[in-house]
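K.L.:
When I checked Swiss-Prot for this same protein, it listed these features:
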- Asn51: active site, proton acceptor (ACT_SITE)
- Asn122, Glu123, Arg149, Asp151, Thr162, Ala163, Tyr164, Asn165, Lys166, Ser167, Ala186, Asn226: NAD(+) binding site (BINDING)
Amino acid sequence: MEDRNNIYFFYKHTKSMQEAVEPLKQLATSQGLNVVDDVQKANIIVSVGGNNAFLQATRKTNFRSDCLYVGVSTDREGFYPDFTINEIDKMFEAFENQNIEVKRLSTLEVTIDDEKPFYCLNECSIRSNVIKTFVLEVFIDDMHFETFRGDGMIVSTPTGSTAYNKSVRGAVVDPRLPSLQVSEIASLNNNTYRTLGTSFLLSGDRTLRLKVVQDGNDFPIIGADNEALSIRHAEDIKIRLSDKQVKVLKLKDNTFWHKVQRNFL
């Protein structure tokens, strides 16, 4: 692993969190690391909180490929954090015992109306801003696949497949499989209107395109991981697996499937 010694702590700046993070900073300093207040100077970014804090940390720091991300949970271990705040010394023990590895997690690249793209680590969701059936023309690469009618769609990465995607009965996907999963939210299926009616996987080299069918009021709400984006006039949405990857510090004996087993079985 390349030398990294500038560490930045990402957390919610409340009094209780500042008190909780201070011992972490002291421990990092005692291990020879430089604690920096400017994230641009960091090559290690530690999120303190939970899965949501980790998603915020990657988004707010623009999914930096030159940094190593570490998740520390304040409650219990999550899918992204491998360490808890009360046992942070175990992280440094793992370093010493070489019981760590760097995982590269895929991100989604989302382009709306050919504007500058944004990225998601878990998923991108598209939903109607009004309580009525939402219509999307669905294209796989250049092929028109279906006309979707329903509440919306979720497009997830493999690591994001255990989140919002799973709540709508999407499949849990091994992160070693470069892919994006497309899942329906309350699709309309009857004798007149049909959709595939199930989630489907696209290989990592394909592009999903969603065209919003407008009737004057159907402007979608775009969800990027745990944030809602205010993009009022989105009409053409392209989603693909990005070349941008997030490098995350993980324990060797705490794999994705260990976490699936603990959380769901």
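Yeah, the Cβs are placed from backbone N, Cα and C, and that goes for glycine too.
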K.L.:
Over all shown protein chains, what is the count of other CB atoms within 10 A of the CB belonging to Thr162 (NAD(+) binding site)?
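P.N.:
For Thr162 (NAD(+) binding site), the count of other Cβ atoms within 10 Å is 21.
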K.L.:
Provide, as an integer number of angstrom, the distance between the C-alpha atoms of Lys166 (NAD(+) binding site) and the residue listed as 'active site, proton acceptor'.
P.N.:
16
K.L.:
Going along the chain, which residues six or more apart from Tyr164 (NAD(+) binding site) have their CB under 8 A from its CB?
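P.N.:
Sequence-distant Cβ neighbours: Asn122, Glu123, Ser125, Ile154, Ser156, Gly223.
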K.L.:
Can you name the residues of this chain that are 6 or more positions from Arg149 (NAD(+) binding site) yet have a C-beta less than 8 Å from its C-beta?
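P.N.:
When sequence neighbours closer than 6 are ignored, Arg149 (NAD(+) binding site) has Thr133, Phe134, Val135, Ser187, Leu188, Tyr193, Thr195 within Cβ distance under 8 Å.
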K.L.:
For the NAD(+) binding site, please report the maximum Cα-Cα distance among Asn122, Glu123, Arg149, Asp151, Thr162, Ala163, Tyr164, Asn165, Lys166, Ser167, Ala186, Asn226 in Å.
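P.N.:
Max Cα-Cα spread across the NAD(+) binders: 24 Å.
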K.L.:
Out of Asn51, Asn122, Lys166, Ala186, which of the recorded positions is least crowded by other Cβ atoms within 10 Å?
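P.N.:
Among the recorded positions Asn51, Asn122, Lys166, Ala186, the sparsest Cβ neighbourhood within 10 Å belongs to Ala186.
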K.L.:
Work out the three-state DSSP category of Asn122 (NAD(+) binding site).
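P.N.:
SS state of Asn122 (NAD(+) binding site) = coil.
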K.L.:
The residue listed as 'active site, proton acceptor' to Thr162 (NAD(+) binding site): how many Å between their Cα atoms?
P.N.:
12
